[in-house]
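Q: One structure is given below, represented as C-alpha cells, and several questions about it will come after.
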Amino acid sequence: MESYIQNLFAERIGGKKFGKEDVIYKFEKIKRAKQEAMKRHPDMELIDMGVGEPDEMADPEVIRVLCEEAKKWENRGYADNGIQELKDAVPPYMEKVYGVKDIDPVNEVIHSIGSKPALAYITSAFINPGDVCLMTVPGYPVTATHTKWYGGEVYNLPLLEENDFLPDLESIPEDIKKRAKILYLNYPNNPTGAQATKKFYKEVVDFAFENEVIVVQDAAYGALVYDGKPLSFLSVKDAKEVGVEIHSFSKAFNMTGWRLAFLVGNELIIKAFATVKDNFDSGQFIPIQKAGIYCLQHPEITERVRQKYERRLRKMVKILNEVGFKARMPGGTFYLYVKSPTKANGIEFKTAEDFSQYLIKEKLISTVPWDDAGHYLRLAACFVAKDENGNPTTEEKYEDMVLEEFKRRLEGMDLEFE
C-alpha cells in the first residue's frame, strides 16, 4: 500500500510523481557508466576528467588556522550573517587581486555557506510568479531551478563559440526584458572556460540600468585565469549600482567541502540577501570563517593552485590537438571545452552525451558532455594523480604519467567532426 505522504509532495519537486520518474539525468548516467566500466575493466584505472573538484587539500596553514580556532570557546556558537573580521578582509583582497576599491565591509559584503545557497537565496529575494531570470547556457543550473520553484520563468542565453561564449544581450525579446529581474553570469565560465572583457561588462551595466534588472556575477573561478590579470565585474564603473559578485573559496583555495563564499556589491541586494539568509541558516562555523580570513590575506595560495592548472591544461591542449580534437587554452577555470566528434572508429554519435558514454565505457575516460548550445565535452584539469603507493599527489612526474596514459587511450580513434 502506497503511503499517503506520496500525495503531499510539492509540485516544485515533482508532486505526486516524486521519486517515480524514470528519467535518468546526465550526471547519474555518467556515474552508472563509470561503475559499469570499472567492473568490466578491473585492471584499468579510470581517468576522471569529469569531476569539477580540486584534487588537492586546502593549504596546510589554512588547516592549521581551522584547528586552532576550533579549540577556542568563543568560536563555538552561531555565526548568523557572518563575523565582521571576515567581511573586513574582503575589501583589501578585492583591491589586491582585482583592483576593486571602495568596498564598504559593513554594508556591501556578506558571507554564505558556499555559492550554491547564495544563488538560491538571491532568487528567493527577487523572483515572484511570472518574473524572468536570464540564464546563460550551458551552465550551473541552481539559479534557474529556484526561479522555477518560485513560479518564475527562465530565458536561456546560449553561449556560442562565434560570440566568444558571451551572451548576446541584444537578442533578448522586448517582452522578456520587461519581465526580467535577474541576469545571471558566470565568468570565468563553467564549462566553456571563457573570460569576460571590460567591454562586455560595460554593456551588462548599461543593459541592467536600461531594463532595471539586477546582475548576479558568479565568480567561482575568478582568480583562476591564464591570460592577464583576474577581472571583476565590480571593476567597471557603476557595476555596484546594479549587481553583486559571488566569490567562492572552493576552487581558489581547494576548499570545496568547507562551504564558504562571500557576496560583494550592491548594498540593497546584500541587505535583502541577509534577510533571506536569516531565515535559512545560522551562518558558517566561525573557525571556517577564520580560516577564510587567512586565505584572503594570502592570495599567493591561489597563485600556486593556478600555476598547477595552467601547467596541466597546456599539456592537455597539446595532447588533444595531437589526437584529432581542436583544443585551445581557456581564459580561466580549470576546464577545457572542446567540440565533440560525430564519429570515432566508424561509430556515429548524435550528441556529446553519446560520445562521452563511449569514452567512459570503452576508454575509461570520464568527461562531462554539454548539448545545450552545440555539442561539446568538458575536461577538467583537476584529475587525481597517484604515487607508487596509491596516494594522491601533485608531483609533476605523476600527473605526466596520467596524461601519457590519457593520450595512449585516445590515439588512433579516427575522429570525425561536422
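Just so you know, the numbers here start at 1 and follow the chain as drawn.
Glycine is no exception: its Cβ is also placed from the backbone N, Cα and C atoms.
Pulled from Swiss-Prot, these are the listed features:
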BINDING   Tyr25, Gly52, Lys116, Tyr140, Asn190  substrate binding site
BINDING   Tyr78, Ser115, Lys116, Tyr140, Asn190, Tyr221, Ser248, Phe249, Ser250, Arg259  pyridoxal 5'-phosphate binding site
MOD_RES   Lys251  N6-(pyridoxal phosphate)lysine
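Mind mapping these onto the model and telling me what they sit next to?
A: Classification of Lys116 (substrate binding site) by DSSP places it within a helix.
In the three-state DSSP assignment, the secondary structure recorded for Tyr78 (pyridoxal 5'-phosphate binding site) is coil.
If you take the C-beta of Lys251 (N6-(pyridoxal phosphate)lysine) and look for same-chain residues 6 or more apart in sequence within under 8 angstroms, you find Pro54, Ala220, Tyr221, Leu224, Thr333, Phe334.
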Q: Among Tyr25, Gly52, Lys116, Tyr140, Asn190, which the record lists as binding substrate, how far apart in Å are the two most distant Cα atoms?
A: 19
Q: Given the binding-site residues Tyr25, Lys116, Tyr140, Asn190, state which is nearest to Ser248 (pyridoxal 5'-phosphate binding site) when distance is taken between Cα atoms.
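A: When the Cα distances are compared, Lys116 comes out closest.
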Q: Just counting, how many other CB atoms are there within 10 A of the CB of Ser248 (pyridoxal 5'-phosphate binding site)?
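A: Summing over all protein chains shown, Ser248 (pyridoxal 5'-phosphate binding site) has 23 other Cβ atoms within 10 Å.
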